[in-house]
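Enquirer: According to TrEMBL, the record shows the following:
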| type | residues | note |
| --- | --- | --- |
| TRANSMEM | B:7-26 | transmembrane segment |
| TRANSMEM | B:32-54 | transmembrane segment |
| TRANSMEM | B:61-82 | transmembrane segment |
| TRANSMEM | B:281-306 | transmembrane segment |
| DOMAIN | B:282-502 | domain 'ABC transmembrane type-1' |
| TRANSMEM | B:318-337 | transmembrane segment |
| TRANSMEM | B:369-391 | transmembrane segment |
| TRANSMEM | B:412-435 | transmembrane segment |
| TRANSMEM | B:481-500 | transmembrane segment |
Amino acid sequence: MHMRVYGAAALAGLSALVLSACGGSTGTATSTTAATTAKAAATTAAAPATTGAPVRDAAVDLVIWCDQDRKPIIDKYAAAFGAEQGIKVAVQVSTDVRKDFKDATNAGKGPDVIVGAHDWLGELVQNQAVKPVNLSPTDQAKFPAEAMAAAKFNGQVYGVPYAVENIGIVRNTALAPDAPKTFEEMVTKGTQLVKDGKATNAVLLTVSKTGDAYHSYPFLKAFGGGVFAQKPNGDYDPTKVIVGSPESILGGEQLAKLGKDGILSTNVDGGIVDQVFDAGKAPYAMTGPWAVEKAKKAGISYAISPLPTIAGKQMTPFLGVQMFYVSAKAKNDAFAQEFVTKYVTRKDLQIDMYNIGKRPPALTEAYTEVAAKDADIKAWFEAGKGALPMPNIPAMNSVWGPLGQATADIIAQKATAADRLKAAQTEIEANIVKAG
Amino acid sequence: MTKSPWIVVKWVAIAAVLALLVWIAGKFAAAGSLWAVVGVAFIAMCVLAIYGTTRAVPLKYLFPGLFFLVALQIWPIIFTIATSFTNYGDGHMGTKEESVKYLIAQSVREVEGAPRYAMSVAVPTGADVTTGTITLLLTDPKDGATYAGTPDGLAPITDGVEKSPTGKVTKANGFTILNAREVNARSEDLSALAVPTEGGGIKTSGLSEAFVGKASMQYDAAADRMIDTTTGKRYLPQNALWVPEDGQGQSLTSGWQENVGLRNYTEALTNETLRNGFLKILVWNLIFPLVSVISTFLLGMGFALLFNDDRIKAKGAWRSLLILPYALPGFVTALVWRQMFNQDPNFGLINKTFGWSIDWLGDPTWAKVAILITNLWLGFPYMFLICTGALQSVPGDVKEAAKIDGASGFRTIRSIVMPLVLVAVGPLLVASYAFNFNNFALIYLLTNGGPFEGNQTQVGSTDLLITYAFRLAIGGTTPNFGFAAAISMFIFIIVALISLQGFRSTASLEDVN
């Protein structure tokens, strides 16, 4: 009896948690690539025990799965598409599209189209869940090369992007009026503000006890390190992990120094970053578009700028791309392909999607129009310039945990950067071999 | 034996159950699962034999229970055992044939510089739109020439051709053009179709476009090899993956599911990290529920004794207050405690209050303490409840007799009250132990198994076997359900042994009566 009651409470609780985490606002778990990957464990983990995947509506001609936030917009265009083709289109909400889609497709009950982040791609291909989208070369040219690169796997296009996202520096203009050029400048200014009692944290960065590879990556990348080496064609090479490379270690040493000086701390997790920044208690947060909406609501006057240099080297973030996929087992493949190639490439759809998620639209034409009137969007886009897409190869799943924990341990001074990153490299390589 | 109206009711009920089973069988038949249909038919026969006749009266009562025991307990166990002998997991979901088909389909690339045709889908006039041979009516965007494309190749058509402004053929003599819904209904045939042409095959994309594509992968069925025609590389099947024959480079993306025998078990026992981890986790997994049960029981019992004393006023109010932690959803409590355990006094209430700087969630020992404290808070109200209940059922005359015999208050509790209470709550303590043994939610929400020591992320300092298995199966790097199922079997055996021993011990408690 005790067990049942407790179990039921836990289940109810977990599902409520998942719902609140995913459906709450425009900037949470499922709606951001960053959060989806950085918190991959969290979202995928809570779901299986709790959320029921949507049940595919059998009576319609095209089924699309997306998250709660994007449903109204997709509904609008699905209706238009349905009217044009004389068919019925259903847009269904899934609280964990990635997992629900994989499981449902595996059981032959999946949707025809899903909306999701580009870094799911490798895993979905590995599990035979998605199929190429035959976007014509003319249509491909309407997107920035990086966005198209993110939608590709083995040189094949698997989705049509509608938004891009990346982290940058969000600063509280009341505390820090000027955009920082260097990380050192942020540290100096921030430390002064802490000393003056105007702030509790000099620089906010999501670390947490288990670490956060997504947010730590720019430190490694600044010195030429990163996760995987690239093949000549730009693809990431899963057989060449560079987490423990001398370049990555240089970045790791910066993390170690910042941890030692108390600038970065494993006591700061994603929730605390928002909490402190929204309380006006920190001048700088190294975060993404998902944090802006909350800061705005909290009445913080903010500005967005690109990541600065550290030790004279330019930091660049991961680029995330949001896109529409077509299921490999789509029952309505013709409609699915038609909708994704003809409708998602429309300017009006991309602009409407921007209005929901406040991310730069992927379609260049739509971006130009939005950037002209929304300074934030322009700033996010600028902050993402030169950024490489987050790896979408399945091997990346073997990286998040070990690299994240390594950065946490380095910041917590549990190990030296060199030792810890080399150990992480060994663990990642072993995981990749094990995964095949 | 029964009156006629009841016979009618009985047969109506039996007929309803049978109708339901027929409906379920129909669903399974449509899905093509033969064995499921056989199973349902067997159940239907059981229902008829047991409830239609008077031969098996005890079974009439036992059958529903047996049915659900099999469906909800036995079947998952069998399924887990079966899974533990496979490599089921990411990249190993389908069959080998599916992987071959998928890899070839995925390798179709648009031939560079080839035209993108405007396309309509048609069948020869007179043929059924749902089964007729599919013909693609194609318009070359450069010169507007129109063709009919079939598996035999391209043939120019001009007879009675009308085109839309986008170039799509809307009418042609000898062909019935399909509407969108009809085209979509034949998606599967369209995916299989490639109109042979120079440099590749013409494939459809959506409803009104076709492109020239070429598959770079081929399957050599005789040699059982996948061949990449662009590089000439050959891939052989090995460990349920397509591995390069020359040993250079990566295997192909998609593998298949197969039986791996005892490999998951041998790996769990021989892999050094896992083995050390397993032992470490097992020890903590035995200590955690034990300490939790003892601590919650002692605190709960203490409060129960206190508030069972008649000298306490407003007992009802106190009792309600004490039950509050139990009434709040456990997950909320766990998250609140996690926040309170933050090392930074700016965020963590505990360190702030006491002026400590304990790294509650980052130090392996303190993390264990933090979990035990949280579980004490979560669990003592339950113990308080059941102990209060048990105390109230201890007869007053027994205590009175002890008092008359000159026993002190403590002596009465130790020798008279406790044995009686333990008889009642003993089995619940065992149940509580078993529950905490698999207390996934608490660990997951509070520490997620961490902190992780020794430069690795597989084995956490506060991991229970269940959180560990979960990380292996779903939450970790690459989901491996087969391996996680093997770990689950170990957990199953351990819990079964502990429960067995536990219930034996509680049986001995009952001897005091």
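Here the Cβ of each residue, glycine as well, is placed from N, Cα and C on the backbone.
I'm curious about the neighbourhood of these features; can you describe it?
Expert: Residues of the same chain lying 6 or more positions beyond the ends of the transmembrane segment (B:7-26) and with a Cβ under 8 Å from any Cβ of it are 36-37, 40-41, 43-44, 47-48, 51-52.
Nonlocal intrachain contacts for the transmembrane segment (B:32-54), taken as residues 6+ away from its ends with a CB within less than 8 angstroms of a stretch CB, comprise 1, 10, 13-14, 17-18, 21-22, 24-25, 60, 63, 67.
Note on the transmembrane segment (B:61-82): residues 43, 46-47, 50, 485, 488-489, 492 of its chain, located 6 or more positions outside it, place their CB under 8 angstroms from a CB of the stretch.
Here the transmembrane segment (B:318-337) has long-range neighbours at 303, 307, 312, 370, 373-374, 377-378, 380-382, 384-385, 388, 441-442, 445-446, meaning same-chain residues at least 6 beyond its ends whose C-beta is under 8 angstroms from one of its own.
Remote same-chain residues near the transmembrane segment (B:412-435) are listed as 289-290, 292-293, 296-297, 301, 305, 379, 382-383, 386-387, 389-391, 393-394, 398-399, 402-403, 495, 498-499, 502-503, 505-506, 509-510, 512-513 (criterion: CB distance under 8 Å, separation of at least six residues from the stretch ends).
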